[in-house]
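Taken verbatim from TrEMBL:
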type: REPEAT; residues: 12-40; note: repeat 'WD'
type: REPEAT; residues: 62-103; note: repeat 'WD'
type: REPEAT; residues: 104-145; note: repeat 'WD'
type: REPEAT; residues: 146-187; note: repeat 'WD'
type: REPEAT; residues: 187-227; note: repeat 'WD'
Amino acid sequence: VQPPDPDIIRVLRGHQQPITCLVISPDDKFIFSAAKDCSIIKCNGKRLCVVPRGKKGTEEQQPGHTAHILCMAISSDGKYLATGDRNKLIMIWEAATCKHLYKFTGHRDAVSGLSFQKGTHQLYSASHDRSVKVWNVAENAYIETLFGHQDVITGLDSLSRECCVTSGGRDGTVRIWKIPEESQLVFYGHQGSIDCIQLINEEHMVSGADDGSVALWGLTKKKPLAVVRQAHGTHGSHSLQQPYWISAVAALHNSDLVATGSHSANVKLWKSGEGFRKLEPLFDIPVVGFVNSLKFSAAGDFLVAGLGQEHRLGRWWRIKEAKNSICIIPLKRKAGVADSS
């Protein structure tokens, strides 16, 4: 992949507050984004539909979130969109029309991660209540709850298998939940709070933490295969130097390309070389603000970053010059490289 020309990065505005999460439709045609302003926007370069913030107390009449939306997921057939908020609610929408379908309740704290199992309408949700729940969206049904994390769950992902992976914040663990067996595997490797996680393929995943580290994992090893410390460098004066927190990670599925985001004024692209035992930096893409969400298009021809003046989970810092926006970053392959798909 070649570094993009900064002039061809498209910036889409629309949210009034920091973007917290985004997804790309499976056919790569639409981007859905959500923000601290509690709104959801569907766009394809133009705004196609906006689900505005709901009014507190009128949740029953008009379907909109009334609390920060923290996570979203889209089913692999592009039919359903799920969004989760700080108010413990999961909303299900028809992705084509943005029509509200159902509301799932049951979590006892903020909903922090959502993912559909590929090829199904089974939805996994993770929460600050430390549990993972399983739902059948097509049947508007709750299936089961899984416990194990000792701290808030900060992120969740899944692919085709009937299992999901989660990052457990300050409990320092990454977990794989095998749904049919009702078992879990526990992985250790970061020093700080593990804040984001993504599967690269059915056997490997990448995670990022607030100690500035990025880790690559194989599902058969309890410890990371590779760790890059201070992946985005440090900030602050000499005596008070802190690593830049890793606030978002993304992987181009079934490839060796990984992206990481922080508030270090860039998104970094990495190559997971040598059987995922190494993370080699490729190049930086300049963006200003907190990178709160990163997603590769299915075809791998663009990367989308959701930016905000603040971190998606809090207001520890504010980057005034940042725009609450979505950046669409085109990715060009080097000439002569065969297309893997």
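Even glycines carry a Cβ here, placed using N, Cα and C.
By the count of Cβ pairs under 8 Å, the stretch nearest in packing to the repeat 'WD' (12-40) among 62-103, 104-145, 146-187 is 62-103. Within its own chain, the repeat 'WD' (104-145) has Cβ neighbours under 8 Å at 70-76, 79-80, 82-92, 151-162, 164, 166, 168, 177, 179, counting only residues six or more beyond its boundaries. Residues 71, 109-110, 112-119, 122, 124-134, 193-199, 201-202, 205, 207, 217, 219, 221-224, 253, 313 of the same chain lie 6+ residues outside the repeat 'WD' (146-187) yet bring a C-beta within less than 8 angstroms of a C-beta in it.
DSSP assignment over the repeat 'WD' (12-40) gives 0 helix, 14 strand, 15 coil.
As a summary of secondary structure, the repeat 'WD' (146-187) carries 0 helix, 23 strand, 19 coil according to DSSP.
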